[in-house]
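Take a look at the structure set out below.
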There are 2 protein chains.
Amino acid sequence: MSTAEHTARTAGQPVGTAGEDGVLAALAGLLPSSRAALVGTGDDCAVLRAPDGRYCVTTDVLVEDRHFRTAWSTGHDVGRRAAAQNLADVAAMGARPVALVVALVVPPTTALSWVTDLASGLAAACEPVGAGVVGGDLSGGDHLVIAVTAHGDLEGRAPVLRSGARPGDLLVHAGTLGLSAAGLALLDAGAVTPRGPLPDEVRRAVEVFLAPQPPLEAGPALAEAGATAMMDVSDSLLRDAGRIAASSAVAIDLAEPTDPASATAVDLAALEPAARLLGAQDPRALARHWVLTGGEDHGMLAAVPPGARDQLPPGCRVIGRVLPAGPHGPRVTVEGVLPGHTGWDHFAA
Amino acid sequence: MSTAEHTARTAGQPVGTAGEDGVLAALAGLLPSSRAALVGTGDDCAVLRAPDGRYCVTTDVLVEDRHFRTAWSTGHDVGRRAAAQNLADVAAMGARPVALVVALVVPPTTALSWVTDLASGLAAACEPVGAGVVGGDLSGGDHLVIAVTAHGDLEGRAPVLRSGARPGDLLVHAGTLGLSAAGLALLDAGAVTPRGPLPDEVRRAVEVFLAPQPPLEAGPALAEAGATAMMDVSDSLLRDAGRIAASSAVAIDLAEPTDPASATAVDLAALEPAARLLGAQDPRALARHWVLTGGEDHGMLAAVPPGARDQLPPGCRVIGRVLPAGPHGPRVTVEGVLPGHTGWDHFAA
């Protein structure tokens, strides 16, 4: 029986019936291999190439009913999301992602097809950047947990840390802002159903919430363009800009999204339909809130020297500037005004 | 307030009250850094040195009430165990462990002190081999989950795979066999209480179950000695020897532990007190069962050329031999006899 036949025959059965070997057999062939792998899956470790004698590593975990709900997200969505947020961390160092390992906790009652969908989602996120899945572990448990560790190749470049921003630098961003938060708000309010027909004007928000698509190419490109500091926006623009400010001992002033001339006016405009669909009293204010405090779009946020303005990589726009820290120390302002809201805590309600 | 003062004041509080930043503050200073780290914790990725242009990577996950119970294991035990089983995978490639990243899922009601104990356990397992913790992620959840990814340096050696064993090789083992299974059986039967006084003759079994101490030095040493195949014994001697046999297309014949002249007679003897304490009708038979089918001691199991017999690293003993596969294909026998039992499945009851 071929792997494909085996998968087709067993997809409907629960993981607990398939057993560990059955799950691994179903996954075989679904996960992309890595061009960096000297030894791939199937031994105690994978062995990966590090051509310049260094490698980047990061880990991020997704927990059922904390980071995703199976009522909203397919296995494919969760796989794409788990991979994407780790790949974004690699890209935000200025590195090219090469390989993932995946630790997976699955309740025995989960359909085997959910796990194969997860694998196809991991593959969908990895393949465009040439990354592969080189190892993993599988366990039973009461809730789904997906812990991904991602590895990257700096290709001879210096890693771009959070700590290198200098007064005078431009703050640039590639990717979307606030769409994930808007998508979550729409689903949470029942304003849309994830697998039903989505209104065109809010489709992207729901899609980005379910499976972000970070502009991974922008990470290495911004490093090549001379980025002095970089990170991906996981928690929120305000909070993550604040991390660059604190690490670099600088102040950061962001453009005001409600200013039609600002680079984030386009993000605001993309979010207003979702705010209206939610019946917000002031859709513009809610959209502004999402731009500044929404996390998990995983765009690239970087400081670049002012001379780089005319050679920014595709998709990068200037959304603020880096200033001396001043008497109040490192902080983030929006057109000179201190914002009230700074993101969220993983343990908050 | 210093980190130590902060930790002392907040250790009793639940993680949910401390918040993510509070937990991270309490962990600061508890986790060892890695000599291989060019960039450590606190950025999007760690950056690690790979002096010979390659690195090993493996991941393993521990789930509360599947792999450990908080009634039995302290946070320190779980940290040591989570690190040790990953470090063993690295050593079993013939590599020296250099760095871990740790994804941690913690219920909000967990005491902060449990998490700091976990960190001290990770440190205790890492420090003897000079490995460090270079990154992590923290999430809330309903059950404790610890996913560790470990990295190793091959130091110029070829990785030792499972697939290189050749007929004529000796099968060697370093470490203990069956102690973890015996420790679990003792705890499970209520024959001992983990934090009460342990009878001397079974102390080691309970300790190894709670926190295995794999002979990590033996991995690189066996690679230097010319090991043709190697893995750590995670599932059981029979099952893991079977993996080497299958990967290498050979047969493996193990010494009979009940033969007083065999190298595993000492393992049998170490296990008989536990079998007696459990009131087994045939303590010798139960001890033999643990030697052959007990997992999670994480010793090093390797095939070495016969000429290496007199230069085996400390702690390594010959426990079997590698034979041609024969008409029945790759398989494992015990003094020529097929065993009935081959380990366990993660989804079995």
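Quick reminder: no glycine exception, Cβ is built from N, Cα and C everywhere.
Going by what TrEMBL states, the Mg(2+) 3 site holds B:Asp44, B:Asp232, and the candidate of B:Asp89, B:Asp169, B:Asp188, B:Asp282 recorded there is B:Asp89.
For B:Asp235 (Mg(2+) 5 binding site), the binding-site residues whose C-alpha atoms fall inside a 10 Å radius of its own C-alpha are B:Glu296, out of B:Thr59, B:Asp137, B:Glu296. Residues in the domain 'PurM-like N-terminal' (B:42-152) partition by DSSP class (helix H, G, I; strand E, B; coil) as 35 helix, 45 strand, 31 coil. For the domain 'PurM-like C-terminal' (B:166-309), the DSSP-based tally of helix, strand and coil residues reads 68 helix, 19 strand, 57 coil. Filtering of the binding-site residues B:Thr59, B:Asp137, B:Asp235, B:Glu296 by Cβ separation from chain A (threshold: under 8 Å) yields B:Thr59, B:Asp137, ordered along the sequence. Note on B:Thr59 (Mg(2+) 1 binding site): other Cβ atoms within 10 Å of its Cβ, all shown chains, come to 28.
Secondary structure at B:Arg162 (ATP binding site), taken from DSSP and collapsed to helix, strand or coil, is coil. With respect to Cβ neighbours within 10 Å, the binding-site residues B:Asp60, B:Asp89, B:Asp232, B:Asp235 differ, and B:Asp235 shows the lowest count.
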